[in-house]
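Single-structure report; data block below.
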Amino acid sequence: MRLKQDFFEQLPEFYSQVFPLGISNPHWLAWSQDAADLIEIKQPSDELLQGLSGNAHVDGASYYAQVYSGHQFGGYSPQLGDGRSIILGEALGPQGAWDVALKGAGPTPYSRHGDGRAVMRSAVREFLISEALHHLHIPTTRALAVIGSDLPVWRESQETAAITVRLAKSHIRFGHFEYFCHSERGAPAKLKQLLDFTIKQHYPDLSCDAVGYKAWFTRVVADTAKMIANWQAIGFAHGVMNTDNMSILGDTFDFGPFAFLDTFKEGFICNHSDPEGRYAFGQQPGIGLWNLQRLAQALSPIIASDDLIESLNQYQVELVKHYLLLMRGKLGLKTSAAEAEQDDHDLALIGAFTGLMERNQLDHTNTWRRFGQLDPNASHSSLRDDFVDLHGFDTWYQAYQVRLGSVDEVGLWQKERNQVNPKYILRNYLAQEAIIAVELGDLKPLHNLQRLLQNPFDEQLEFEDMAKRPPDWGQGLIMSCSS
């Protein structure tokens, strides 16, 4: 692993240097070779295990925790920072550099009286969701590995510590900019320093001047809108959309009590700490804009207000455009021109179908997958049998067929639907079963689940049971932020 230290060397006021404590009896629990290839690691090794567990120094590593602030559940927290994540530096690879971070490596100056550790269950969940989202083609940070230990840690009860090795194209968050705006820490000079660094590292085609700043913020708005459109189309609820959990690159970031939808429910809440549903599934598009507005506020000392507002006004446009692209793919709809009238018609058609799904309490993923078995030219649809409200479905299906038109190659059309409507997602109960098995010393369910998630659009008949609706105990599991 070849490391460079651009952030560490160029932004000394944006972090504190801190070294990992190490863990006892480190051992590999999970490994992603896909992620390893990004930074040219051929295979796991004992030497790498000792380095990534914090028990030995990694050549070229600087070890630091970044500082930032953020809006958490709508309220501003003036100092947050990496409370249990220690970054080694940026590892070089064929697709560019990736930050390497040890999540759960011990306390930092930003731990806020915490122990700086991560428990095994949260480490495994982050690993699995990183694999799942990547293979669903949704922008995300990656997880290289989970390292287990026999180190006890206390949450609600005694658990075992683990480390997630996270890879990110950048760890810069909306909250980094907020930290240097809402303080006496040298803004706007520090804001400009951070923004220029971000542009040079990740948007090298842009200039570090007023024109480049506006173009950059416009891209951040568009990338954030696309990320959230992906979430809404696939049925993913992040759970903790605080501004310190928002990547400046539009990557899904900082996983806690996330969930995929089981039964479709617009108001689904996956976070036990969010009883009012601020971050409910259906609220995510609006929260995305709210967070971008907080970022714009932080940038206002160095970017003209008119430029910020103009870029923010593109959020809804980009969100709808990308959402329609994804949902038309799921339904097999073609469009030759992006006319507003057609867009409005298709949004109404999509909304009518998701409304039917909710009223009939249908499984989100399985219902969309059924389009791969549908004969779109037939007057009677096998999909109809899933609905209790037959009249509602018939009315919708008639409108759908009119919009769809005649399909010449039904087999090809069905195959295309199966390439965008996954058969398998990371259901919370599947993750929980894998975690329980790990606690009992059995890694096979975890590794099988990882293999399943690497090919979510394939039939994988040996894992057929994992596509079924959850058992009663696993339906709509709500997780806590405890990790």
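Cβ atoms here come from the backbone N, Cα and C positions, even for glycine.
Quick look at what Swiss-Prot annotates:
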ACT_SITE  Asp244  active site, proton acceptor
BINDING   Gly81, Gly83, Arg84, Lys103, Asp115, Gly116, Arg166, Arg173, Asp254  ATP binding site
BINDING   Asn245, Asp254  Mg(2+) binding site
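Counted over all residue pairs in Gly81, Gly83, Arg84, Lys103, Asp115, Gly116, Arg166, Arg173, Asp254, the record's binders of ATP, the longest Cα to Cα distance measures 23 angstrom. According to its DSSP assignment, Arg166 (ATP binding site) is in a strand. Using a 10 Å Cβ-Cβ cutoff, Asn245 (Mg(2+) binding site) registers 22 neighbours.
Taking each Cβ in turn and tallying the other Cβ atoms within 10 Å, the top scorer among the binding-site residues Arg84, Arg166 is Arg166. Asp115 (ATP binding site) falls within neither a helix nor a strand when secondary structure is assigned with DSSP, and so counts as coil.
According to DSSP, Asp244 (active site, proton acceptor) is assigned to a helical segment. Looking at Asp115, Asp244, Asp254, the recorded positions in this record, the fewest other C-beta atoms within 10 angstroms of the C-beta turn up around Asp115. DSSP assigns Gly81 (ATP binding site) to coil in the three-state reduction, outside any helix or strand.
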